[in-house]
Amino acid sequence: MALSELALVRWLQESRRSRKLILFIVFLALLLDNMLLTVVVPIIPSYLYSIKHEKNATEIQTARPVHTASISDSFQSIFSYYDNSTMVTGNATRDLTLHQTATQHMVTNASAVPSDCPSEDKDLLNENVQVGLLFASKATVQLITNPFIGLLTNRIGYPIPIFAGFCIMFVSTIMFAFSSSYAFLLIARSLQGIGSSCSSVAGMGMLASVYTDDEERGNVMGIALGGLAMGVLVGPPFGSVLYEFVGKTAPFLVLAALVLLDGAIQLFVLQPSRVQPESQKGTPLTTLLKDPYILIAAGSICFANMGIAMLEPALPIWMMETMCSRKWQLGVAFLPASISYLIGTNIFGILAHKMGRWLCALLGMIIVGVSILCIPFAKNIYGLIAPNFGVGFAIGMVDSSMMPIMGYLVDLRHVSVYGSVYAIADVAFCMGYAIGPSAGGAIAKAIGFPWLMTIIGIIDILFAPLCFFLRSPPAKEEKMAILMDHNCPIKTKMYTQNNIQSYPIGEDEESESD
């Protein structure tokens, strides 16, 4: 018995020092965060539309009995002086006649259009803005929160912020499940932004500090971004199918259970009660923001993701308007983009280091732009498969190239403390998801969905040549002097915090000597 307990304790200690387990935690955190991000994409436009029209139907039904109660028991027929006709007031006939006179325009529209086609185009156009603002609220809050989380990780380490992200995301998921008004949905979406900021900034910073070799770091970040891709992949079809066949609450309750599982693993492995500050002071955020190479990498992340961010609120509404798509199709339409993003991040997480990350990002930006330009030509859901596949694959190329470059640029040109630089990367990601839905909804309402796609497609293509400057970024003078003095390639371990290999847990810490 004692031997088995000792073996269990030893296994726990080894697990807590495992870099692969840390990678799994970050993978799972990004997976669930992005599932919650995208599960609402097919649900919210249809749900808000149904809320509004159910309310209208309820008002009509409550107004109708006032007329029927006074006449139903007294008369078997009524002569109308308006059109010189006699109406029989039996149950079925009375209901039909009154329904026709009270809501004739609604019946006409319903009979002319299939049930899956919304009947009022004006409502859909207005919903572009409403849905866009709801989707953008998460990214806007995350945008504001990211710099503070980056500074916080430098002071207290990564475990506490990433665990705080789990707690906030659980509350947000429960709110989504039981919210029945636009205001509460907006609060839930905004709250998710704070949780996402904690998870993504702390998660990517943790990976950068644990995996110090540039090539190895690129590989594991490609795997971690695979978690993001899986969330984006599973979210829309998962949400749309459960929404249509079970109800709005079901997908969020399933997600809440998965989030609890993630929290239990974090609690076991990361021990988030322990404060683990960095061993050296990182480069100020303002200095990083003045670095043109970091800005180019951040711009690539921003504009590439802005394309899919504009699609999320606008594409389902455009499909409802032009294709009479059913609820489940609104989510399945994003499936090609999600699958190809997963493929892209896993392939180019490894390949980008060999072919040149700058070239990978440049080609990705061009493919994103061309694919987005092709989307408005689709006549049905099958016509969306190829362009959406291209969008997802290309964004996977950009993300899997630019995320490792952010860490590489800090190693090369600044102090190797990663919280702030990955806060900038996440800010860029969030700017795409903040500006994209809010501006995209307004543009789609004003000039139409095809012009919206044309604008963002051209922007992506025009930005692509800037990635050439990332081909061989120069090192700072003091870094170059160190490299020349030691006459060796870049070894990021010489700049990083002490005890990286045993991070984050491990009581027996060994100091590294040069």
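Placement of Cβ uses the backbone N, Cα and C atoms for every residue, glycine included.
Checking the candidates N84, N109 against Swiss-Prot, the annotation N-linked glycosylation site falls on N84.
Residues L228, V232, N305, I308, E312, Y341, D399, Y433 are recorded by Swiss-Prot as serotonin binders, and the candidate that the same record lists for that site, out of F245, F334, is F334.
Feature annotation (Swiss-Prot): of 130-150, 466-486, the stretch labelled transmembrane segment is 130-150. Per Swiss-Prot, Y182 and P465 occupy opposite sides of the membrane [differing topological domain names]. With all protein chains in the displayed structure included, the most crowded Cβ environment within 10 Å among the recorded positions L228, C324 is that of L228. Non-local neighbours of the transmembrane segment (415-435) in the same chain are 135-136, 138-140, 142-143, 146-147, 149-154, 158, 193, 197, 200-202, 204-205, 208-209, 278, 280-285, 288-289, 294, 297-299, 301-306, 309, 402-403, 406-407, 409, 492, 495-497; each lies 6+ residues outside the stretch with a CB under 8 Å from one of its CB atoms. With respect to Cβ neighbours within 10 Å, the binding-site residues Y341, Y433 differ, and Y433 shows the lowest count. Under 8 Å from some Cβ of the transmembrane segment (292-311) lie the Cβ atoms of residues 135, 139, 334, 337, 361, 364-365, 368-369, 372, 375, 391-392, 394-395, 398-399, 402-403, 405-406, 409, 413, 421, 424-425, 427-429, 431-433, 435-437, 439-440, 452-453, 456-457, 459-460, 463, 466-467, 469-470, 473, all in the same chain and six or more residues away from its ends.
For the pair E312 (serotonin binding site) and C324 (disulfide bond), the Cα-Cα distance reads 17 Å. Taking the binding-site residues N305, E312 in turn and counting surrounding C-beta atoms within 10 angstroms, the largest count is reached at E312.
Rounded to the nearest whole angstrom, the C-alpha distance between C324 (disulfide bond) and Y433 (serotonin binding site) is 27.
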